[in-house]
Amino acid sequence: MSSLSRELVFLILQFLDEEKFKETVHKLEQDSGFYFNMKHFEDLVQAGEWDEKYLEALDKHDRAKGVDILMKDLKVFASFNEELFKEITHLLTLENFRQNEQLSKASRLRTLINQSLNWQHQLCKNPRPNPDIKTLFSDHSCAAAPASGARAPPPTNGPLVGTIPKSGAFPPIGAHSPFQPIVSPPTSAIAGWMTNANPSLPHAVMAQAPPGLVQPPSTAAFLKHPRTPTSAPGLDYQTADSEHLMKRMRMGQSDEVSFSGASHPPNVYFQDDVPKIVIRTLNQGSSVMSLDFHPLHQTILLVGTNVGDIGIWEVGSRERIAHKTFKAALAKDASVSVNRCLWSPDGSILGVAFSKHIVQTYAFSLSGELKQHLEIEAHVGGVNDIAFSHPNKSLSIITCGDDKTIKVWDAITGQKQYTFEGHEAPVYSVCPHYKESIQFIFSTAVDGKINAWLYDCLGSRVDYDAPGHSCTTMAYSADGTRLFSCGTSKDGDSHLVEWNETEGAIKRTYSGFRKHSLGVVQFDTTRNRLLAAGDEFMIKFWDMDNTNVLITTDADGGLPASPRLRFNREGSLLAVTTSDNGIKILANGDGQRLVRMLEMRALENSRGASQLINANLKPQIVSALGTVSNVSSPITATPERADRILPALSMSSLAAMDNNRTADIKPKISDDTDKIKNWKLVDIVDSANPRTLRLPDTLVTSTKVVRLLYTNSGLGVLALGSNAIHKLWKWTRNERNPSGKSTTSVAPQLWQPSNGILMTNETSDSNPEEATACIALSKNDSYVMSASGGKVSLFNMMTFKVMTTFMPPPPAATFLAFHPQDNNIIAIGMEDSTIQIYNVRFDEVKIKLKGHQKKITGLAFSQPLNVLISAGADAQLCMWSIDGWEMKKSRFIQTLATRAATMIGDTKIQFHNDQTHLLVVHESQLAIYDNKLESLCSWLPRDALPAPISSAVYSCDCLLVYAGFCDGAFGVFESDSLRLRCRISPTAYICPSISSPGAAYPMVIAAHPSEPNQIALGMSDGAVHVVEPSEADSKWGAAPPQENGAFPPTSSNPPLNNSQASDPPPR
């Protein structure tokens, strides 16, 4: 019988039941063989209408005879689910149902109960904070929201929540099916561990999507199958789909795709992607116990040693920029070791856990100066681990120690906030994390126990054993969706595993460790793709999706038996400890390019920077990767080398030094004055100089490219035309292009799925060419969200099919930005000048932000600053707090020549990698703003580039700014000073035989995600060009020198008070 016919039978059964045709219902149930009505059977037994021989058999414990009598009713299941039939009959033959293997584990019952609780409440718009078991006794209905309008937090139950509440008398359940649909538990939640954050919606056809974005057609049939009103007891019949799913679940099959918080497509990892080439060897002088790269500046490395010292290295220049020996007012014993040191999320503070009950924090400046901020007597005995978290929207420090406790401290005041007790052995490590609004901490002890805690002092939510009862550390993947642990038992057996958060069970065990490891094996993860661990005097790497070792390296020898290691944020560098009190820095291709680029930048700027030094002035030293905001407390400690100059100087530092100069202090004049005078702007006009490639297009239409993106993998380019059609180009791996990354030497393929459909946005009734388009790509490149004046559409990047639409106009969406902490939250800029904070999971607008006067043209989140910056066609910038969404500050951008006249026009914005500096782009200017919306420097079209600015973007390393102009040219600027270093004429990349150079110009520029010197240009004639410097040059021009010690010419807006910043423009 077809699925449709089965569904019709269920509808008929429901109708007959509602009309009280009980015998007819039962007869149809038996004849169809689809459904065993346990309620009907129960009524017959209670009424004494069942075969008394069956009751006699049960009374005599003759279960076999009872089964024989029941066969005529139970056999209906054999026709469509033989395994289920066998299992049911087998249970009836058991004296104790726990003799069944699947039911023999007591923890399984708790897991099932909590899975049911999670599933019942996770889709509720107003979930109860702590739903108990009683809520499973009746159908769920969404309760009204609290009067205040605040939503209760998601359920926080877990499979090991202590004692399960005892229920009172069971409420009337009414007629029900004993075999309810079995739902695949969501893989992205802590589910069995703590709570469920992102539901998985099973579907047989569609591909992956972000959490809550998609309610596929079958979801309605699957989750909302026909049922009688809750007010009247009745039958709840399974759908054919849910029966089929249940059968596959029991058979161990899984061919469904989950719509989870983050999908994990198969990794394609090549050995060139692994950092295995030794590029630096650093001598710390004592044994290194802990390592951590700076979260924003990827070549700054923090180390802690066995004598209590901490050091900070700039690995690009091989220099130690800061060094602190151990001194503690609270410690009487001078022999102390660093157990753990690490950076805070924004890199402004570092924390150190010592082996002698002490925790210290330091304020850090990129000048290389440190100032001790806190000293806490944290534990009795050693402090074994330290971590940072934001449980109450303020920074907290988490520590654990030999006294078997975990403690949480305020990172500013040092006041203790929580103490968690429950471990029976010293606590070895902590791993804080969050799912949506749920903050929690995993902890591991030296006896192999794993606990999990909410910030409520109500005890552990988890009590599991690590593999082999090993001393274990835990870590999440970069996107926070996959949990790993690695450790070594007392017998020397090491275990690296991935956990199934739903079950609280091991999902994957990685092989490749020696039988008896020496010491506790340390590990790290990077970029949602790679695992690394130190074992057998080498480093072993694993692809996260493959349990076999991917590659090993001994780093040219000299490693200890179990070396400590740490990736930088992008996974391009790996620091590893050595046996001779040193550190080796390993790099992949991207890491080698990063270090080479820093070396060249240091060489170019060293002489210019040296001109700023004299006997009475010590410059501030900053990293070559830019600046971060200074910490609030003053920096008074002395750097290790006061005369050391790092490659780049911050603009704010230069301005401050300029203001501090006196008449008696004159800048030095270097010996290469002639070289400075002879420096000329690089002007590229010949097509033979840059490497260029016009992407092939078989769908040529007379349209403009209005949005352009590289895929996050760097393997493709996605363009959105003014006709609302998307085009996707992909590079493939071949002999000419073994890496498969985008390049100008090999043409990509204009990719289309086999169904031949185009990825096309809905448009409004008005002229789509005039609509403001917007686009956002998922981190894993599996879906794209886009709009062209109509509804916002979510597309599957593999099939080009529309997965869902939302936000119908008016007003139309004009800009999209994902919340940095919750992929369910999207900030949507609108045509009516508002910003809507939209929850895609619940399909609701949380709040509308009002402050602009014209349409929104740019949105950018900063997680360290905890703000959203918006820009509009009114040339206004607004800063909004992410916590309460209140406006903190606003400012209209101005030009130097027209300070009194505020401009009008589209304004685009982009945060620097440091998340504190902001690139602001208007047709009249480029500008860099700080975290207070103060302009640090600006550049106005003039001289070599006089045309209006059409688009601008940071390079992937944020050392350059690429800007396109309406005359077809584009320029390359220094990002810190906006000095122009190279101009590229349209004749250099536009072929005259295809298009007249004067007729087309770059409407939008996209920067490659890992190649800082490669960009893509989306043109006004619909073409897309990929441009790179020539192989001989390898970069765009040379950094302009500072003439005779002079400072960079900047045009800075004067500080405006809040009232001035908020005033509307004059009319």
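Cβ coordinates are placed from backbone N, Cα and C, and glycine is handled just like the others.
Just so it is clear, the model here is predicted, and its values are computed rather than measured.
The following features are taken from TrEMBL:
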COMPBIAS  1048-1059  compositional bias 'Low complexity'
DOMAIN    5-34  domain 'TPL/SMU1 LisH-like dimerisation'
DOMAIN    105-142  domain 'TOPLESS zinc finger'
REGION    1029-1067  region 'Disordered'
REPEAT    376-419  repeat 'WD'
REPEAT    849-890  repeat 'WD'
On the DSSP side of things, how many residues of the domain 'TPL/SMU1 LisH-like dimerisation' (5-34) fall into helix, strand and coil, could you say?
25 helix, 0 strand, 5 coil
Across the domain 'TPL/SMU1 LisH-like dimerisation' (5-34), what does the pLDDT come to on average, as a whole number?
74
Secondary structure content, the repeat 'WD' (849-890) (per DSSP, counts of residues):
0 helix, 25 strand, 17 coil
Number of helical, extended and coil residues in the repeat 'WD' (376-419), per DSSP:
0 helix, 25 strand, 19 coil
